[in-house]
Every structure is written in structure tokens, then in C-alpha cells.
Amino acid sequence: MSTATGNCKCSYTVGLVGLSAFGFLLSLYTSYVELRAEQDRSYQALCDISERISCTKVFTSSYGRGFGIAGKVFGEGSFLNVPNGFYGIFYYFLVAACSFSDHLRIARVNSYLILLSNGLSLYLAYLLYFILEDLCIVCVTTYAVNLISLILALQKIQILVREEQVMRAINTAKKAK
């Protein structure tokens, strides 16, 4: 492995972990706002700028828990029908943990997780714009974090695949001698 390849892998790892930490903090904030708004209906979050730009409106909607799906499928009292931010906290922790690995299989699993989150981001963006007719700055920021994470995860996989091919070629050459 060359130093350049190692530096690239490290850069992608740092980027993924940094984005995961940011996403983790966004998810904590999302959960805090939702729980606080449930306790105090007059609560105004920092991200509530106007009637059409309101995070609280989105987080406290029926889509703010279990992605608007868990409550309908498993019941409103289900342990799966928690604020979406709780899922984000778990998800970003898992992505950060997987990002430290330089094993190709784990990197692929991580990229599948991130791809799934991007699909979920598309679903939530659709709900945000067309159903709730709102703009949530925290939500859109989360979508951006997920998209950039996907790009970094795929680039890291590309490097790991190339590295594996080089190692295979070296081992084949050694066996041929």
C-alpha cells in the first residue's frame, strides 16, 4: 500500500466520521426539539424561522415519529414509533463505527446503510415539500450530510477495491516465481 492510498483512506474515514458526528448532533437536536415541543406547545426552536420554515412543525407531525410508518404498521404505542431523531442517533453512531474499518466487506455494508439513508432522505424530502409544505433547515442539512457521506463511502470502497486488486496481483506474481 502506498502512502498516498493510505492518506486517501484516512481522509475518507475522517470525513465519514466527521459527517457522522455532525449527523449525530443534528439527530440529538431533532430529538430534543420534538420532546420539548411535546411538553411545551409554545416552545420555539432555533430553527423555527417562519410559518413555512419550521423544524418544530415537521418534527411534531405524524411523520416525525417512526417516519410516519411505524405507528401505522405496529401501532402508536410501539417501541418502534419513536422520534426519527432517535433512529438518527443510532444510525450515525453505527456509520461512524463502521467507517473506521478498512475491510472491504464492512465498507460495503456501510455504503449500503448510507444508501438506505439516502433513500429515506428522498422519502422524507418528498413529505417535507409536498405533504407538509414546509422547509426544515435541520432536515435539509441532514439530507446533505447523507448525500456527502454516500459520495465519501463510495470513494473509500473504490480505493479499497484497487488496493485489494494490487495485493492480489502482487501475491500472484510471488507465486509465479
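Any Cβ shown, glycine's included, is placed from N, Cα and C.
Just so you know, TrEMBL annotations never went through curation; they're auto-generated.
Per TrEMBL, the features are as follows:
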type: DOMAIN; residues: 9-157; note: domain 'Vitamin K epoxide reductase'
type: TRANSMEM; residues: 12-32; note: transmembrane segment
type: TRANSMEM; residues: 84-100; note: transmembrane segment
type: TRANSMEM; residues: 112-129; note: transmembrane segment
type: TRANSMEM; residues: 135-154; note: transmembrane segment
Are there residues at least six beyond either end of the transmembrane segment (84-100) with Cβ under 8 Å to its Cβ atoms? List them, or say none. 13, 16-17, 20-21, 23-24, 26-32, 34, 59, 63-67, 106-107, 109-110, 113-114, 117, 124, 142, 149, 153
Secondary structure tally of the domain 'Vitamin K epoxide reductase' (9-157) (DSSP, helix then strand then coil): 112 helix, 2 strand, 35 coil
Over the domain 'Vitamin K epoxide reductase' (9-157), what is the model's mean pLDDT? 96
